[in-house]
Each structure stands twice: as structure tokens, then as C-alpha cells.
Ligand SMILES: Cc1ncc(COP(=O)(O)OP(=O)(O)O)c(N)n1
Ligand SMILES: Cc1nc(C(=O)O)sc1CCOP(=O)(O)O
Ligand SMILES: [Mg+2]
């Protein structure tokens, strides 16, 4: 019995690791995307740790009745997409098997493989999904809104300046008005081909068919938000330190907020994480991340020097006399 389970684990650890290597090669040589390639490599390494001597010892290839079995569809691939799709599915299947059989004898394997499966879903979104994730990748400036009578006019002007990512953040308005504003913002952003995410509220994001939601540390699990919104939508998470970053990645976040970089009245009482955390993110974060908190046109060069390539701002744009000009200036600094 134990021997049979170890053989299953051995075969599926191999499948998952091979599948990841195939995806990694495309990220590295096809997309020239070092962060996605690094994420694949990290996942392979985590699986390698689980692939212990005892499990490898159980291998018995000559008596494996499955080595000759292959589906005709595995013999040909008609595009890179179908190759990626097939291998991502293979990795997900293998991780599911590892999760289930691992529970019988190696309890820690279940948890690790579950988290890896979420990360593979995120990888899949970045590689295959819609324009939405590509737009997220390409966005270097993220406007997080604050309450304003001129909300739509400010966002409109900022979009004219080239902004491609907006978060509707409104902590105090009544829900019936919030719903209307979220609808209006969603339409406005989509008219410009930009993305709209809703802060905190998965229900509002669902109701207006927004592109996703931004969740804080106290909000619901990312997997649940994706169950509600669909895996094709974007879910982001705020982080203030490396542990929160690693948890968000393990949970399958599509992007994270990294901050506060500086003390900011927009988020009173939240101690700055500083440029050190930006440097950490630059070295360690494989998914898109946005430096947030007190970032403006005067200090953005420090953020960029620390490795920040994307920033999220509230006041710098919401309080600007000319949002479109400010957007262009930010985009100029972010290259
Ligand atoms: C891009 C981005 N990063 C961080 C936050 C902050 O989220 P949270 O910690 O949930 O705080 P509130 O914004 O809800 O007050 C964010 N909104 N966006
Ligand atoms: C909404 C928010 N979240 C932060 C975090 O660090 O999680 S800092 C922040 C406020 C950012 O506003 P401004 O650009 O006006 O300083
Ligand atoms: Mg929040």
C-alpha cells in the first residue's frame, strides 16, 4: 500500500516538475520574462524538496503499466498556446493527485501542493488569459481613487493622459451611490481600454463586472474571491512585509501592493515599510507589484532607484490640477 502511494507520488512529482520546466523555458526564451521564469523555477525547487529519497526509491519503471499510454493529442501541438495549455493542465492535475495521495502519508505535502496549484492558476492567467492580465502587466501606474465630487472628471482626464489601471476606493459613501459610481467608472475605464478594480468589495466588483478586486490583509481569501468573480478576473492584495508578500503569492494573488513606502495621510496610522521593503520586492517578487504610500513626482526617483517599476498613487493624481499631465510625468519617470 505504502509502496503504491509512493509510486503515485513519484510519478506525479516528476510530471509536475517536467511540466513546470516546459513552461519555464517559454517564459525565459519565448517571453524573455525573468520574473515568470523565476516563479517556475521556485516552484520546481519546492517540488524537488518534496521528492525525497524514499519516494524516488519506490520507482519501478519496468512494471509500470502506464508508460506506453499516450493520447493522440499529445503527439501534436498546433500552437504555443495549446502546448502551454496542455502542460499547465498536466501540472495542475499532478498537483491535485499529490494533494490527495500526499494526505495519506505526508500531511505537509497536501498544503504545499494546494498552494502550488493556486500559483499555477496565477501563472496560467498571466500566460494565457485574456488581455486583462496582459494589461495588468503593462500597467506601470495605478490610480487609487479617493472621494471627490469630480471623481469621473478626474479619472477621465487621467485616462486621457495614458493611465491604464484604476481602483475605485470609497470607504464611506452609501452602497446605492457606490454602485452607481462603480458602474460609471467601469464604463469610463473600459471606453479607454483601461482596467477597473474595486477596493475591498467583491460584491460590487461582481455587480458591475469590474476587472477585479483589491483585498487587504483582513479581507477574504484570494481563492474565494476568484471563486466568486471567476478565475479570469484580477485579485490583488496589500502587503507590508516579506511574510505578507509570500503569503499573497502562495494564495495566488495576481499582483500586490507594496507599502506604505512613505507615511501618508491617506492611510493614517499605518507605519511606513520604507524603501527597504521596495528593495526586497525588487529582488523577490515574481508577480507584478505596485509601490504605494506617499509616492509623488518629487520622490518617485528614489522608488525607482530602489527597484520599483510600478507605482500606485491616490493624492498625486486625485489632487492634481492637471491629472493628464501628472499621469504623463509619472509614466515618463517609470520608463
Ligand atoms: C494597490 C493597493 N495597495 C494597497 C492598498 C491598501 O489596501 P488595504 O490595506 O485594504 O487598505 P484600504 O485601501 O482598504 O484602506 C490598496 N487599496 N491598493
Ligand atoms: C490606500 C493605501 N494603501 C497603502 C498601503 O500601504 O497599503 S498606502 C495607501 C494610500 C496611498 O495614498 P497616497 O498616494 O495619497 O499617499
Ligand atoms: Mg481594504
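Cβ coordinates are placed from backbone N, Cα and C, and glycine is handled just like the others.
A TrEMBL annotation is a machine prediction, not a hand-curated record.
Together with 167, 168, 169, 170, 171, 238, 267, the 4-amino-2-methyl-5-(diphosphooxymethyl)pyrimidine site in TrEMBL holds one more listed residue from 199, 296, 299, which is 199. Listed binding-site residues: 167, 199, 238. The one with the lowest count of other Cβ atoms within 10 Å of its Cβ is 199.
Less than 6 Å separates the Cβ from ligand 2 in the case of none of the binding-site residues 167, 168, 171, 199. Across the domain 'ThiD2' (7-125), DSSP helix (H, G, I), strand (E, B) and coil residues number 98 helix, 0 strand, 21 coil.
The Cβ neighbour count for residue 200 (Mg(2+) binding site), using a 10 Å radius and every protein chain shown, is 19. The Cβ of 171 has fewer other Cβ atoms within 10 Å than any other of the binding-site residues 169, 171, 267.
With respect to their backbone Cα atoms, residue 171 (4-amino-2-methyl-5-(diphosphooxymethyl)pyrimidine binding site) and residue 219 (Mg(2+) binding site) stand 14 Å from each other.
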